[in-house]
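Asker: So that we are looking at the same thing, I have put the structure below in structure tokens.
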Amino acid sequence: MAPSAAVTAFLCFTFWALLISPAVSLTCSGQKFTKNQVFSTCLDLPSLSSYLHFSYDSSNTTLSVAFIATPSKPGGWVAWAINPKATGMAGSQALVAYKNSTTGLSVVRTFDISSYSSIVAKDLSFEVWDKTAESRTDGSLAIFAKIKIPADLASGGEINQVWQIGPGVGADGTLVKHEFAAANLQSKGTLDLKNGHTSSVSGGDTRTKNKNIHGILNAVSWGILFPVGAIIARYIRAFESADPAWFYLHVFCQISGYAIGVAGWGTGLKLGNQSSGITYSGHRNIGIALFVLATAQVFALFLRPNKEHKYRSYWNIYHHGFGYAIVVMGIVNVFKGFNILRPDYKWKSAYINTIICLGAISLLLEAVTWVVVLKRRSGISNKPHDGKQ
């Protein structure tokens, strides 16, 4: 395999691996506990980057659980609860873990959340024992407990579960109120004790789904495909054997990014019409500018003069200037979108890792291409001209 082909293959493999790896690594199946506790089932809960490990003994209706989540801020709290009568927070019986600021040890307390305005530390309405908490190396907290499920709840095979994360704990042990972003409001569902799965009871919020679609489309297009296309155009073209393969790869990434970006832009317009009185001016203005610049870039493909044409240098300035502007503005707007949507941190973390890896690849290829170009220029300067050395 030629060096340029190897670099191209490596770049493509790395790109797809970055897209796939977050979904593989951020799951409950790889989580271990310091005391080697084993549970029959583990679930990746659908919001707040939370995980539930549990075993259920139907003969005596005993539920053993380990709940893992990361507080929204250092020194914050995490909670897992059963709601005997409803699907939300009000009425739930909660286990709350946090790190004691005085001792530095993680503790578990029980709270009866009779209403949104009454959160009282007290014994739960059902029996709970072996309550412990564990601080994990990644900053998350784990809650361990064994719970006697009341007979009337156990008979149906399903219970209502609620989970949450918060920013802090007061000196008197009161919990600082959690945020009310979409992920926090959707942290509830039903837990099937017998079959080992959970389902959401969030009601299928169409606007939230559209926001997620909008975010995914734009992150993939402006935030990943356009930077990858720029990397290919700048570095792979330095290898003579990669011509014209680099050009077609570049065009594929940019056209695909543009098509997906237009779809994301369209969902953004729809969300704007559905959200009267809510305006994110910076995010919106950058999005409009991206659409205009990217459309101009697509037309640049049809206006591209030959290499020998006298206007080719002007076209290069226009094409490269617009291209780098799209890459920078696209990445900035993706982060603005994260601040608006406030999804589970694992998605923002995965994107940050992707950008870091693409940046590292760019630095590596920058060094490689400079070596190739300098060697090529050195070879040209040593060639005979007009029969003379």
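Including glycine, each Cβ sits where the backbone N, Cα and C put it.
TrEMBL labels come from automatic prediction, so no person has curated them.
Quick caveat, the model's predicted, so the values are computed rather than measured.
For reference, TrEMBL lists these features for the protein:
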{"type": "DOMAIN", "residues": "48-166", "note": "domain 'DOMON'"}
{"type": "DOMAIN", "residues": "182-374", "note": "domain 'Cytochrome b561'"}
{"type": "SIGNAL", "residues": "1-25", "note": "signal peptide"}
{"type": "TRANSMEM", "residues": "215-233", "note": "transmembrane segment"}
{"type": "TRANSMEM", "residues": "245-266", "note": "transmembrane segment"}
{"type": "TRANSMEM", "residues": "286-303", "note": "transmembrane segment"}
{"type": "TRANSMEM", "residues": "315-338", "note": "transmembrane segment"}
{"type": "TRANSMEM", "residues": "350-373", "note": "transmembrane segment"}
Asker: Helix, strand, coil: count each for the residues of the domain 'DOMON' (48-166), based on DSSP.
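Answerer: Its residues fall into 4 helix, 69 strand, 46 coil.
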Asker: Taking 3+ C-beta pairs under 8 angstroms (sequence gap of 6 or more) as contact, is the transmembrane segment (315-338) in contact with the transmembrane segment (215-233)?
Answerer: yes
Asker: Which value does the mean pLDDT take for the domain 'Cytochrome b561' (182-374) in this predicted structure?
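Answerer: Computed over the domain 'Cytochrome b561' (182-374), the mean pLDDT is 83 on the 0 to 100 scale.
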